[in-house]
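One structure is given below, encoded as structure tokens.
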Amino acid sequence: MSIQLTSEKFYTLRDKVLYARTKAYCPYSKFFVGAVILTKDGDYVSGCNVENSSYGGTICAERTAVVKSISEGIPKEDWVCLAVIGGHEKIVSPCGICRQFLSEFVPGHFPVIMFSGDGSRHKLMTMNELLPENFNSEFL
């Protein structure tokens, strides 16, 4: 896995994902999540979780960022990494649905940076590490 982020870009990414989390709509779980895709052009595409009383209609922050990026015409080939943060003191990783959803768009070596709730700690993993042996279009 190779990701080259300057300290400035890393801390900007952290600040952006912290801010994205503040936009979350989660009146039921009270579990605020933010996600940000960094692009090759240095743009940041943010997403937050949006809950629904049916729960099944809830959309996670990671999927929000992906859908927003695609709908804004930013090709997946321009994505550098994804950052995610939850509202817990522990480092939070993408849920299973988000892992599968992301694997549709990014290669196995794509980096995902996961932060602790206050942004003081992080862990970097690839999609292959997050979802080994993923189900994909090769099976269809």
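Note that Cβ sites are derived from N, Cα and C of the backbone, with glycine treated the same way.
Curation does not apply to TrEMBL; its annotations are automatic.
In the predicted model, residues of the domain 'CMP/dCMP-type deaminase' (8-138) average a pLDDT of 97. The domain 'CMP/dCMP-type deaminase' annotation in TrEMBL covers 8-138.
Annotated substrate binding site per TrEMBL: N49, V50, E51, N52, S53, S54, Y55, in sequence order. The Cβ neighbour count for E51 (substrate binding site), using a 10 Å radius over every protein chain in view, is 18. DSSP assigns E51 (substrate binding site) to coil in the three-state reduction, outside any helix or strand.
The Zn(2+) binding site annotation in TrEMBL covers C60, C95, C98. Around the Cβ of C95 (Zn(2+) binding site), 16 further Cβ atoms fall within 10 Å across all displayed protein chains.
Its own atom aside, the Cβ of E62 (active site, proton donor) has 27 Cβ atoms within 10 angstroms in the protein chains shown. Annotated active site, proton donor per TrEMBL: E62, in sequence order.
Nearest Cα neighbour of E51 (substrate binding site) among the listed recorded positions (C60, E62, C95, C98): C60.
The two recorded residues, C95 (Zn(2+) binding site) and E62 (active site, proton donor), show a Cα separation of 9 Å.
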